[in-house]
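Comments concern the structure below.
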Amino acid sequence: MSDDVLMKRNSKAPKDLMASRVVSALGDNDEAAFPSAPLQEGAAKMKVQFNGWSMAALCFVTMSTYSAWSATIVTGMYSGGPVTLVWGFLIVFVCSLCSASSLAEMVSIWPSAEGQIVWAEKLAPPQVAKGLRYYVGWLVSVGYIFMSASSSFIFSTVIVAFATFLNPSYLGSRWHTTLVCWGVISFALFTNVYGTRLFGLINYTISFIGAAIIVIVIIVMLSMNPHRNSASFVFTEFINATGWENKGIIFILGMVTAAYSIIGYDSVAHMAEEMLDPTRDAPKAMIGAILMSGATAVGFILTVLFTINDIESLASTPTGLPFLAMMYQATRNAAGSVVITLAVTICAPLASGMILASSGRVLMSFAREGGLPFSSFFAKVDRRKQLPLNALFFSAIVQALLALIYIGNTALFNSLLVLTVAALNISYAIPNGLMLFRARRLGLPKAPFSLGRLGIPINAVALSYNIVISFFLFFPNYLPVTALNMNYAAAIFGLVHIIMGLYWFWGGKASVECSARERQQAEGSKSTSMSLDAEAGTSG
């Protein structure tokens, strides 16, 4: 529909209705709302290869909730204990479901591989739209690189822990873990380059096997371990070994275990250009993955807490993997505890592949809009494989370099886990806040998935959680603070802001604005802004 027709139709309409109709007209035309980016030299379209079910399975594997929870349990155990591990997880689950539902509504309106990057620009006032797009783009790009690196690292610690556990004479070193981590990263890159066609089958298989594994593990733990903790211990026992005195802070710090285990649900949006019908299937996949993750994790968490024995010995286990020590307490069988731990954490290397896939798509789509240095290089999509190979290789190389940090400082590398949760939650908070305080007032386009009257409370819960968890994650986990236990996330986060700020003034701002102008010229639009106000102004 032309701008002139829209102008005639809306000239006599009330202001709010006019804004709603203008935005709806924009949203109904996905091709116009999201044109191809200007940096198209050497680029090709992404191959359509996912439906709703396969995408839900990919998101389920990406989050690997029970696997991530088991690998980071020690943080929650000593920052609130069972109270945090149970009630903290339930709070995170509900809030993450609200956040995912809020983002699901956006992806139904504006499906794009950029996800929250472009939603922030769509929903923001025109004066700050491009700046917010740039800021969110960096948060998502950094968050996914760190998330993939941390997932690879988790499985690396599991492998080294097995070697220590099964061979007491083995003396593990940090560089051993780094080498294994490089192997996991290489595996993730290999599956992305040569196994993309099997992603759907792999995700289906792992999802079903993962659910079956949880049931088997629960049965084994309950049948082989006669020890039972009381319900009072599981639901009310509060443990504090942090040095903090405020129970509220302790509880929130312990929630990092749950927060890390339910993160990355926006990965669905970043694969939207490879879905047949993303406006319908992407929201279902995003919410469905959260529900599947929560359902499998709750039973697993309760079983672990009802059967756990000697809590004090977990932190001092020579393997460095508390969950493996818990499984040995439950089974009293070395081989059995290794098999169970491997079964629970086997999703981690596969999750690394899925996260790397999302990371490559994020870098590629953000580069198409000029948001990164050497954008024309990262924006290219290999015509033969129909994959963003440059972005994938770059992400893998950065992750391999990050793994080197662990050799020199374990606390510094562990801060990457915290930074993953913080960066992605802040990237969720910005479009969630704009949706709550601005977009619902202006009016939203019609889309297959809508929150309707529940939109405001769901957006409010999501935004509150995104802000609170991100703020407290920068606090030190233990007092007094030392070089060995310091939370370096704030320092790394500040460094990221310095880098993105320097590039913005060095050439990023000009590149983003040039990209926007070329995109608008390709569309044949008179406006140079993608914001709701600009679209309303163009038509009114």
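Cβ atoms here come from the backbone N, Cα and C positions, even for glycine.
The annotation transmembrane segment is assigned in TrEMBL to 55-78, 84-104, 135-163, 175-194, 201-224, 248-265, 286-308, 334-357, 387-407, 413-437, 458-476, 488-506. Annotation comment: TrEMBL describes 520-540 as region 'Disordered'. Among the features that TrEMBL reports, compositional bias 'Polar residues' is placed at 522-531.
Under the criterion of 3 or more C-beta pairs below 8 Å, with sequence separation of 6 or more, the transmembrane segment (55-78) and the transmembrane segment (248-265) qualify as touching. Sequence-distant contacts of the transmembrane segment (413-437) (same chain, six or more residues past either end, CB-CB distance under 8 Å): 72, 99, 102-103, 105-106, 116-117, 119-120, 123-124, 132, 135-136, 139-140, 142-144, 146-147, 149-150, 153, 256, 259-260, 263-264, 266, 402-403, 405-406, 455-456, 459-460, 462-463, 465-467, 469-470, 473-474, 487-489, 492-493, 496. Taking every recorded stretch in 175-194, 201-224, 248-265, 458-476, 488-506 and counting its Cβ pairs under 8 Å to the transmembrane segment (286-308), the highest total belongs to 201-224. Of the two recorded stretches, the transmembrane segment (175-194) does not lie close to the transmembrane segment (488-506), with fewer than three CB pairs under 8 Å once pairs fewer than 6 apart in sequence are set aside. It is 135-163 that, among the stretches 84-104, 135-163, 201-224, forms the most Cβ pairs under 8 Å with the transmembrane segment (387-407). Residues 92, 94-96, 98-99, 101-102, 249, 252-253, 255-256, 259, 418, 421-422, 425-426, 428-429, 432-433, 435-436, 440, 451, 485-487, 489-490, 493 of the same chain, all 6+ positions outside the transmembrane segment (458-476), place their C-beta atoms under 8 angstroms from a C-beta of that stretch.
Between the transmembrane segment (248-265) and the listed ranges 135-163, 201-224, 334-357, 488-506, the one holding the most Cβ pairs under 8 Å is 135-163. In this chain, the transmembrane segment (84-104) lies out of contact with the transmembrane segment (201-224); the count of Cβ pairs under 8 Å, excluding pairs fewer than 6 apart in sequence, is fewer than 3. Under 8 Å from some Cβ of the transmembrane segment (334-357) lie the Cβ atoms of residues 58, 61-64, 66-68, 70-71, 144, 147-148, 151-152, 154-155, 158, 162, 165-166, 184-185, 187-189, 191-192, 195-196, 199, 202-203, 206, 210, 213-214, 216-217, 220-221, 224, 264, 267, 271, 321, 323-324, 327-328, 392, 395-396, 399, all in the same chain and six or more residues away from its ends. Beyond its flanks by at least six residues, the transmembrane segment (84-104) meets 69, 73, 76-77, 115-116, 119, 234-235, 250-251, 254-255, 257-259, 261-263, 265-266, 269, 282-283, 286-287, 289-291, 294, 297-298, 301-302, 305, 428, 431-432, 435, 449, 451, 455, 458-459, 461-462, 464-466, 469 of its own chain at Cβ-Cβ distances under 8 Å.
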